[in-house]
Amino acid sequence: MARILAEISRTFGEYLLLPNLTDERCTPGNIDLSAPLVRHRVGELAPIRVATPLVSAIMGAVSSVELAIALAQAGGISFIHQNQPISEQAGMVAAVKRHKAGFRHNDVNIKPSATLDEADTLFKRTGSDVIVVTDDGNPSGTFLGLITTQDFNFIRHRRDEVVDSRMRTARELVTGAEGMSLAEANSLLWDSRQDVLPVVSADGRVTALVHRRDEALHHKFSNETVDAAKRFRVGAGVNTHDYLERIPALVEAGADVLCLDSSDGYSVWQQNVLAFVRKEYGDAVRIGAGNVVDGRGFRFLADAGADFVKVGIGGGSICITRDQKGIGRGQASALAEVVAERDAYAEETGMYVPLCSDGGIIHDSHMAIALAFGADFLMLGRYFARFDESPTNKVKLAGQVVKEYWGEGSSRARNVARYGQGKDLAFEEGVDGYVPYAGSLYDNVTVTLAKLRSTMISCGAISLRQFHDTARLVQVSQQTFVQNSEEVQRNERPTVA
Ligand code: IMP
């Protein structure tokens, strides 16, 4: 006979935190949001950590190269999606790794004879605001100048004018020499008052670009997620079907951490992949697994060698798994059980296997609740899909600026690997829709982290570990919500132009 558990499945919105004593240590500057990303011995530091406990979802509508760079700058890490040919995914990973922190790879180029219209298209397609002009339009061509979004405007300039007429020429620009240090490059940027410094080789090619903005970001987020060579760290999704080819290609491309991407990770297929990784690479390749919603699932994957375990089925904003398959669990209930199992596992084995709470974060306050419940870091789709750096189109819908966002199980994504239904998707597990456009990742993450720090200060915790140990949560009644929202009619939010 089927067993019916006594619990009611609960989600984040059903809880509030109670304040603890705020003492002198509790200042925003003292709050440490860093978190372990991969398994490690209890009491030791994880070999890969993040300064910001936010990672972007393994989704085509979320984790672009641009987003991965912006998020690594902000101290988190992205997971490039695996619903694409292996070479394309590996290419995206390699593109992130090419952006050595501070020195950006020169990969947006144009010929001087191209039109401003073509330059405009390139700006839009790449999201870059500067293009390097070379004699043949390739990165390996001779450096002739720079053209930026500030250099022309179609009210003043014709679309068929050539780039040559508006670019700043190499002669007018201050340039750096190959081999210079980042500190020297930043000084040159200040001396020259340029926003971008092209670093040029002895034979006249641009080998890197240094942006003024990156220095400001570096100071703001002093803990970028970088590897030993100061390249941004990046993760990548893998599946249980083509892993024998995909994993070596991603490792070769430089992926720092992999993650099995499945709505249900409690399977021998995931165990097989984890065994393959351990056999082939030992601990040199790090791989997370999931998703699970209970202690059994966690223990199975932890025993199989997972470096972290992802928690959550059916909680994602674009997810209809619960409707379609009747499988899932409220994210708060799932986390509570898995956190208890993680801690028991650490006690028994001396091995700490971090938990990632995946999906279902609707308000910033839910991040604090998820972390208070004991999640080590959070995976977010909808949150990041709203930003400039996500790869999807920005469109105007009923007077509001929105960005496209679709689930990996929607027919749009046709994620055969993740949902394993063969070529013709028999049913969908995800929605294809829009989310309100919210601006840059940097601006939004700054505000989100300020809120998180503020919550932790009220709860008297200066590190996430302390927050896990000391947070006190209460369940709220429906009437508490009504009291919160009924009295005042809110002002309409101004829409972004
Ligand atoms: P969000 O942050 O609430 O938007 O949730 C993002 C998470 O939803 C992802 O990290 C996935 O675990 C999950 N997800 C992505 N696509 C689908 C889908 O099509 N159906 C169900 N879940 C999905």
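The backbone N, Cα and C atoms fix where each Cβ goes, glycine too.
The structure displayed is predicted, hence computed values, not measured ones.
Taken residue by residue with DSSP, Cys319 (active site, thioimidate intermediate) is part of a strand. The Cβ neighbour count for Cys319 (active site, thioimidate intermediate), using a 10 Å radius over every protein chain in view, is 24. Residues annotated as active site, thioimidate intermediate in TrEMBL: Cys319.
Marked as active site, proton acceptor by TrEMBL: Arg418.
According to TrEMBL, the NAD(+) binding site annotation covers Asp261, Ser262, Ser263, Gly312, Ile313, Gly314. There are 25 other Cβ atoms within 10 Å of the Cβ belonging to Gly314 (NAD(+) binding site).
According to TrEMBL, the feature K(+) binding site maps to Gly314, Gly316, Cys319. Non-local contacts of Gly316 (K(+) binding site) by the CB criterion (under 8 A, 6+ apart in sequence, same chain) comprise Asp358, Gly359, Gly360, Gly381, Arg382, Gly407, Gly430.
Remark: secondary structure over the domain 'CBS' (103-162) totals 11 helix, 17 strand, 32 coil, with classes taken from DSSP. If you look up TrEMBL, you'll see 103-162 (among others) marked as domain 'CBS'.
Summarised by DSSP class, the composition of the domain 'CBS' (167-225) is 20 helix, 15 strand, 24 coil. Marked as domain 'CBS' by TrEMBL: 167-225 (among others).
When the alpha carbons of Cys319 (active site, thioimidate intermediate) and Ser262 (NAD(+) binding site) are compared, the span between them is 13 angstrom.
The NAD(+) site is set by Asp261, Ser262, Ser263, Gly312, Ile313, Gly314; from the centre of their CB atoms, other residues of the chain with a CB within 8 Å are Asp264, Gly265, Gly290, Asn291, Lys310, Gly316, Cys319, Thr321, Asp358, Gly359. Proximity to ligand 1 at the level of Cβ atoms, with a cut-off under 6 angstroms, picks out Gly316, Cys319 from the recorded positions Ile313, Gly316, Cys319. Confidence across the domain 'CBS' (103-162), taken as the mean pLDDT and rounded to a whole number, stands at 92. Cβ neighbour count for Ile313 (NAD(+) binding site) (all protein chains, 10 Å cutoff from its Cβ): 28.
Of all Cβ atoms in the shown protein chains, 28 besides its own fall within 10 Å of the Cβ of Gly312 (NAD(+) binding site).
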